[in-house]
Amino acid sequence: MAEEKRQFQAEVGKLLDIVVHSLYSNKEIFLREMISNASDSCDRLRYAAITEPDLLDGGSEFRIRLIPDKDAGTLTIVDNGQGMSHDELIANLGTIAKSGTSEFLSRLTGDAKKDVTLIGQFGVGFYSAFMVAEEVTVISRKAGEAKGWKWVSDGKGEFTVSPADEAARGAAITLKLRDGEKEFLDAFRLKSIVKRYSDHIAIPVTLKDGDTDEETVNSANALWTRPKSEITPEQYREFYHHVAHAFDEPWSTLHYKAEGAIEYTGLLFIPSSKPLDIFHPDRKQHVKLYVKRVFITDDCEELLPPYLRFVRGVVDSQDLPLNVSREMLQHNPVLSKIRTGLVKRILGELKKKSEDADGGYDAFWTAFGPVLKEGIYEDFERKTDILDLCRFRSTQGDGLTTLADYVARMKDGQDAIYTITGDDLEQLKKSPQLEGFRAKGVEVLLLTDPIDEFWVSAVPSYAEKPFRSVAAAGADLSAVKAPEGAEDSKEDEAPADQLTTLIEAVKLALGERVKDVRASERLTESAVCLVAAEGEMSMHLEKMLRAHNQAPGERARILEINPRHALIKGLAARVKAGGTDGDVEDAAFLLLDQARIIEGEPPADANAFARRMVSVMEKGLLG
Ligand code: ADP
């Protein structure tokens, strides 16, 4: 077969452009990426060979070799891992399969400095080779296949693939270094880079410098098997970068050996910044499973529940058999015990961190709270532990509060934990629903994560206090005493008989458009608001579902009117029992539309709204 020419996927093209033109100061990390990929590839082959030993024809000793060639100006990284087939070369090195890629690209600004920081977090993997190389050649033969392939590109939009019959198993990646990058041929420099970033790689990384003997330059044992006291924070960090394919600082590092009925070692990390794909619908967990130091899979759902999918790292089991298959991993009792242990450790670590005022827990919470909260209703047994880890914005103060602190601040006579849900914190703070709560000094939790809608309706209570939405009809504050001097007085209200007549007239005018009309306890300043009937879906949830085309048609709500408001009092004074009054009817519609607008919804009939508004304004302004 002759040479094939192919284009990089558009996204890769963009990425390469930035990689090549960025003034990235930390170019040496390309080597870490190459070694990391080589090591992953060896791990995968080692596992595949447990069931298919023939795959190891050509050698079972894994090794990653660095071969600088000063005459040719090239650095070659060779591994004897699983290699890539023709199609895999094209797919893996010509496209980006990573989830979060489009999100990442959409955040690029064109400002080189900002973009480099972003790339640092995203990780460009293989493409980082083009930071130092003007041309990259990959010669690879996939384990089990007879023929190899050669992939060549200058990173400018195209690559070629052609047969390479003599290729050895694995991959040999040759970087033709740019003129300014010849330092990466220097043995001393290469050794120090490997020590710095790749010492933890469990496979030997060797260096062949000219005619000297090949020497191993890393420690070549699995980092998690070493005693904690012998591991430096830098080594932990580099290992985290390798396993997580992430490039931030780990916020928390948890390294322990579980002994007893079940034996395993866990080396777990919680990132400090939010990965772009954390809300990917697959909700996959990201801890890798090893058995007796052999990599098994990075796709083991049973290892951790989805609500801990922000955790990275490895778990190495002593009890599972090496030839454990995918099917065996399902409903595996050993694995389920490991999972229980991991969840306990992680939640324990979070608790510890949350109690440490300088531990940066608030930043963790801001990044991962929305994920952890899924556990409130998915992990029944740990519900309370998770609720204890939760932090909330509230109407009291600007910081975050715990539920325990909220409960401690509850007013005499207050029998529920009040919540309000919405998209936007500032908007929520202004909601008329909160007026009565504010007047009585009752704190309300302001919930703005989509997930909040689901757990508040699924979890009955915390510390025996039920959660209740302020926007639901049942929110009753009558038992809570108002602060001195701010008591409600019936004298401020429209007289009861007038009010009843007004309510009847409004009901008559609005008909099916509302479920009910009531005098409100919760309003102090606004004239009207809408609330959901007891037991019905909240308006915010309905809106969220509608945005995803999942909701039934809009439901009629309860319109509450404020009997202490001047407008309502005025209307009540003029409305006549049993009679019809065009003005009152217009007012009823305008009030309903106003309540809708405050909820972030359009008036039911924009034309009618405008017509009524003009008519009322004309009467008001022009007499
Ligand atoms: P990532 O490693 O994050 O998936 P990379 O850009 O580093 O992204 O690599 C892309 C893919 O190319 C890898 O997922 C892997 O499938 C393949 N690959 C890269 N280097 C090698 C290698 N040395 N041997 C086998 N496959 C490789």
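Residue numbering: from 1, along the chain as shown.
Even glycines carry a Cβ here, placed using N, Cα and C.
What TrEMBL says about this protein:
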REGION    1-326  region 'A'
DOMAIN    26-181  domain 'Histidine kinase/HSP90-like ATPase'
BINDING   E33, N37, D79, M84, N92, 98-100, 121-126, R326  ATP binding site
REGION    544-623  region 'C'
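Structure coloured by features recorded in TrEMBL.
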residue : record           : contacts (Cβ under 8 Å, 6+ apart)
D79     : ATP binding site : A38, S39, S41, C42, F62, R63, I64, R65, G170, A171, A172
N92     : ATP binding site : M84, F126
G125    : ATP binding site : E33, N37, H245
R326    : ATP binding site : T297
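For the region 'C' (544-623), residue counts in helix, strand and coil come to 47 helix, 5 strand, 28 coil, using DSSP. Mapped onto three states, the DSSP output places D79 (ATP binding site) in strand. Take the CB of E33 (ATP binding site) and look out to 10 A: across all protein chains shown you find 23 other CB atoms.
In this structure, the binding-site residues that sit close to ligand 1, with a C-beta under 6 angstroms from any of its atoms, are D79, N92, chosen from D79, N92, R326.
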